[in-house]
Amino acid sequence: MGKLRLVFNSQNSLKLGTFTSGLVASVFGCTGPLLIVINAANKMLLSTEQTVSWIFSIYFFGGLLGVILSLKYKMPISGAYSIAGAAMILNSGQIYQFEEMIFGYLISGLIIFLVGISGFKENIIRHIPLPIVMGMIAGVLTKFSINMVTTISNNLIMGGIILISYFIAMRFAPKIPPIILAFLSGIAYVVLSNEFSISSVSLDWMMPAIYIPKISFDVIFVISVPLSILILGSENTQAIGVLIAQGYKPPINSMTIFSGIASMVASFFGGHAANIAGPMTAICASPESSLNKNDRYMASVVNGIIYLVFGIFASVSISLINSIPNSVVIILAGLSLISVIMKAYNSSFCSPNFKLGSIFAFFIALSDLKFYGITSPIFALLVGVVVSSIVESSDFKQT
């Protein structure tokens with residue numbers, strides 16, 4: 001694999017553009033996506049220790065993954081965690097024990113690792129078409145948008161301020177993720193309305209804990225399989241597509257192998273995944289980072305270092321976010337998923353192939369279907385593939 005070159009010419013690589021892109025990617029990843037994880041942890045009734053460990057693992061090992069791969073391959077390969085995966089496991093987390101969930105995460109990482117060393121990623125994607133995977137993602141995440149709309153209708157002033165800030169950022173500052181201004185406006189509102197007190201924020205540092213997985217064969221089908229498919233078929237694939245579009249030749253197998261290893265390590269701390277991040281890679285690999293694509297890898301290095309530090313101080317981050325009213329968290333979480341949902345809709349319903357399978361996957365994932373502990377995402381994939389195999393079999397020959 002060669003020696004990792006840790007010495008680089010900062011004058012040529014670390015410029016204002018690459019630093020800014022890395023910072024923007026980090027702020028984006030430490031705001032909206034974090035709210036999704038905390039919201040999921042609250043609904044899963046996790047303890048503070050479990051939540052701290054979860055957040056530590058996905059940011060620390062995700063950041064470490066990005067730093068290592070970016071320095072090794074001199075490409076903007078950002079690591080983080082699956083945002084959609086955090087949303088997807090929510091229902092399962094209300095059924096299984098935390099240690100059983102960890103076993104599911106561990107097996108998911110193992111599946112990703114085995115796919116990477118086998119080199120058969122393309123075959124797996126071919127047999128589980130991306131439009132069907134994205135249809136499942138769209139169904140799972142649409143629930144968050146519906147909850148956001150309901151929350152806004154019950155908090156019109158606060159919701160209106162956050163929404164207007166979001167739209168203003170999109171209109172007048174398109175290079176900056178709009179969730180940042182929405183987040184700041186939401187914080188400003190709760191502070192000015194006395195719904196937030198800085199005195200309630202704890203600066204006490206809490207050490208993350210290591211957990212022993214509890215074997216459960218049910219979670220392999222409920223969590224491991226859909227989560228690994230989601231990461232392989234969406235997160236890693238999105239990052240690979242972004243890099244190819246920007247003129248890079250990404251190390252597909254290595255990205256998959258290291259995502260599997262990082263995810264397995266993160267699972268022992270309660271992390272659901274530590275993988276290549278599509279949205280952050282897109283920000284760091286963009287021309288806004290640097291006109292010279294050979295310099296852009298430093299944006300992902302900056303991104304990864306910030307994630308490392310953020311993960312270490314996860315307990316302080318949670319204390320800060322938990323001091324914010326839950327309604328603000330729900331609205332911001334919904335807004336932060338808009339771009340992911342739009343991509344899922346576009347990749348699923350605008351694709352010329354697998355249209356019927358995609359729509360069935362969407363409908364089933366949108367439901368709260370549960371059967372013998374198996375939740376809707378896995379049924380969405382199964383039914384979607386079966387429907388397309390029967391009705392749209394010719395589409396498999398075209399992909």
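Just so you know, glycine gets a Cβ as well, placed from its N, Cα and C.
In TrEMBL, annotation is done automatically, which means it is predicted and not curated.
Annotated transmembrane segment per TrEMBL: 21-41 (among others), in sequence order.
Sequence annotations record features per position, and here TrEMBL assigns transmembrane segment to 53-71 (among others).
Under the heading transmembrane segment, TrEMBL lists 78-96 (among others).
The transmembrane segment annotation in TrEMBL covers 102-120 (among others). Residues 89, 92, 96, 211, 213-216, 219-220, 222-225, 227-228, 231-232, 253-268, 270-273, 275 of the same chain, all 6+ positions outside the transmembrane segment (102-120), place their C-beta atoms under 8 angstroms from a C-beta of that stretch.
Distant neighbours of the transmembrane segment (152-169): 176-182, 184-186, 189-190, 193, 327-328, 331-332, 335; these residues of the same chain sit at least 6 beyond its ends, with a Cβ under 8 Å from one of its Cβ atoms. Positions annotated as transmembrane segment by TrEMBL: 152-169 (among others).
According to TrEMBL, the feature transmembrane segment maps to 176-192 (among others).
Among the features that TrEMBL reports, transmembrane segment is placed at 212-234 (among others).
Taking Cβ pairs closer than 8 Å, the transmembrane segment (255-277) reaches residues 29, 50, 53-54, 56-58, 61-62, 64-66, 68-69, 77-82, 85-86, 89, 98, 101-102, 105-106, 108-117, 121, 208-211, 213, 227, 231-232, 235-236, 239-240 in its own chain, all 6 or more past its ends. The transmembrane segment feature in TrEMBL is assigned to 255-277 (among others).
Away from its own ends, the transmembrane segment (297-321) comes close to residues 8, 13-15, 17-19, 21-23, 25-26, 29-30, 34-35, 38, 48, 51-53, 55-67, 69-71, 73-80, 200-206, 208, 280-281, 283-285, 289-290, 329 of its chain (Cβ-Cβ under 8 Å, at least six residues beyond either end). Summarising the annotation, TrEMBL assigns transmembrane segment to 297-321 (among others).
The transmembrane segment annotation in TrEMBL covers 328-345 (among others).
Marked as transmembrane segment by TrEMBL: 371-391 (among others). Sequence-distant contacts of the transmembrane segment (371-391), counting only residues of its own chain at least 6 positions beyond either end whose CB sits under 8 Å from a CB of the stretch, comprise 88, 91-92, 95-96, 127-129, 132-133, 135-136, 139-140, 218, 221-222, 225-226, 229-230, 354, 356-358, 360-362, 364-365.
Beyond the ends of the transmembrane segment (328-345), by six or more residues, the same chain brings 31-33, 35-36, 38-39, 83-84, 87, 134-135, 137-138, 141-142, 144-145, 147-149, 151-152, 155, 158-159, 162-163, 166, 178-179, 182-183, 186-187, 189-190, 238, 279, 321 to within a C-beta distance below 8 angstroms of the stretch. Through the fold, the transmembrane segment (78-96) approaches residues 25, 29, 33, 36-37, 40, 43-46, 58-59, 61-67, 69-70, 104, 137, 140-141, 144, 216, 218-219, 222-223, 226-227, 230-231, 234-235, 239, 259, 262, 266, 271-277, 279-281, 283-284, 300, 303-304, 307, 336-337, 340, 368, 370, 373, 375-377 of its own chain, all at least 6 residues removed from its boundaries and within a Cβ separation under 8 Å. Sequence-distant neighbours of the transmembrane segment (212-234) (same chain, 6+ residues past either end, Cβ-Cβ under 8 Å): 82, 84-85, 88-89, 92, 95-97, 99-109, 111-112, 115, 121, 124-125, 128, 130, 133-134, 136-137, 256, 259, 263, 267-268, 272-273, 275, 278, 372-375, 377-378, 381.
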